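**Student:** Straight from Swiss-Prot, here's the annotation block:
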- Thr45: site 'Part of a proton relay during catalysis' (SITE)
- Thr46, Val204: pyruvate binding site (BINDING)
- Tyr108: site 'Part of a proton relay during catalysis' (SITE)
- Tyr134: active site, proton donor/acceptor (ACT_SITE)
- Lys162: active site, schiff-base intermediate with substrate (ACT_SITE)
Amino acid sequence: MNFGRVLTAMVTPFTDEGELNYDEAARLADYLATHGSDGLVVCGTTGESPTLTWQEEYELFRVVRDAVAGRAKVIAGTGSNSTREAIEATKKAAQLGLDGSLQVVPYYNKPTQAGLYEHFKAIAQASDLPILLYNIPSRTGASLQPETVAQLAELETVVAIKEASGMMDVASEIRRLTPSRFAIYSGDDSLTLPLLSLGGSGVVSVASHLVGLQLQELIQSYIRGQHDQALAHHLRLFPLFKVLFIETNPVPIKAALEMQGWRVGRARLPLAPLQPSSLQVLRQVLEEMGLLAESKGSEQMATKVS
């Protein structure tokens, strides 16, 4: 399974009352599929999966699937710190005809490497849906070691990893130990270019909500051997990469999308809105990069109607 180069970790839109805004989710998915995203990761970290019910997630999977209509891969965030839950959710995603599943390292219960291997192996054996492993120790409290990744890469349906430890030594060791068919995606926009130099395939991106086409050009420039051009793209986008993590993700990206006219709403509690000082910095970066020049989403539709 080739998921592509730019996979957008899609936000989950909410109404003012905090309910799922499925209509806006469909509009956003449609937009992303035509603006640089090869795939959409639905209900991952950026999609606020810890605050969603499984029924909300399943309906969102269906809505996004229908909205992109085959123009982009749809990868379901069906990971859990309960192996049984992860299996059940992954089977449901497969029944819905999605293209893959994102399987986060189990959080809170801090399993050993042996436990992590058995967890992912059980999911892989329960469904034919291709698996994108997700290593993010800063959030889970446990790290999937390169040797364990290499073991898992021997399983037919374990095809890739979203490596978000932020450590290039870890990515290097994963690349050294796994076959070339096993894809490594950066879990941080700012590390996309460095990871490409280590044999990475692309990025699971937050910034691609705003600059998907530019991220594609960064990656394609590198692949074409135009490394100076790729670096120029990276440096131009770098302030955006950093400001989108000025506070806990996905709070800044949702604020940025709201500024553009998307009705994605606030993050659900316990995540709080951006502090005024952070909001000011975010707006300044977006204005400097010309990302607030035209309205998008529901606001754009309202303007056209009027």
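Glycine is no exception: its Cβ is also placed from the backbone N, Cα and C atoms.
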**Student:** Looking only at Cβ atoms, how many others are within 10 Å of the one on Val204 (pyruvate binding site)?
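**Tutor:** That number is 30.
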**Student:** For Thr46 (pyruvate binding site), which residues in the same chain are close in space, meaning a Cβ under 8 Å from its Cβ, but six or more apart along the sequence?
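**Tutor:** Residues satisfying the criterion: Ala9, Met10, Val11, Val206, Asn249, Pro250, Ile253.
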**Student:** Pull out the recorded positions from the set Thr45, Tyr108, Tyr134 whose C-alpha sits within 10 Å of the C-alpha of the residue listed as 'active site, schiff-base intermediate with substrate'.
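**Tutor:** Cα within 10 Å of the residue listed as 'active site, schiff-base intermediate with substrate': Tyr134.
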**Student:** Rounded to an integer, what is the Cα-Cα distance in Å between Thr45 (site 'Part of a proton relay during catalysis') and Val204 (pyruvate binding site)?
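**Tutor:** On Cα coordinates alone, these residues lie 11 Å apart.
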**Student:** Within 10 Å of the Cβ of Tyr108 (site 'Part of a proton relay during catalysis'), how many other Cβ atoms can be counted across all chains shown?
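**Tutor:** I count 8 other Cβ atoms within 10 Å of it.
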**Student:** What is the Cβ neighbour count of Lys162 (active site, schiff-base intermediate with substrate) at a 10 Å cut-off, with all protein chains included?
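**Tutor:** Step by step: centre on the Cβ of Lys162 (active site, schiff-base intermediate with substrate), count other Cβ atoms within 10 Å, giving 26.
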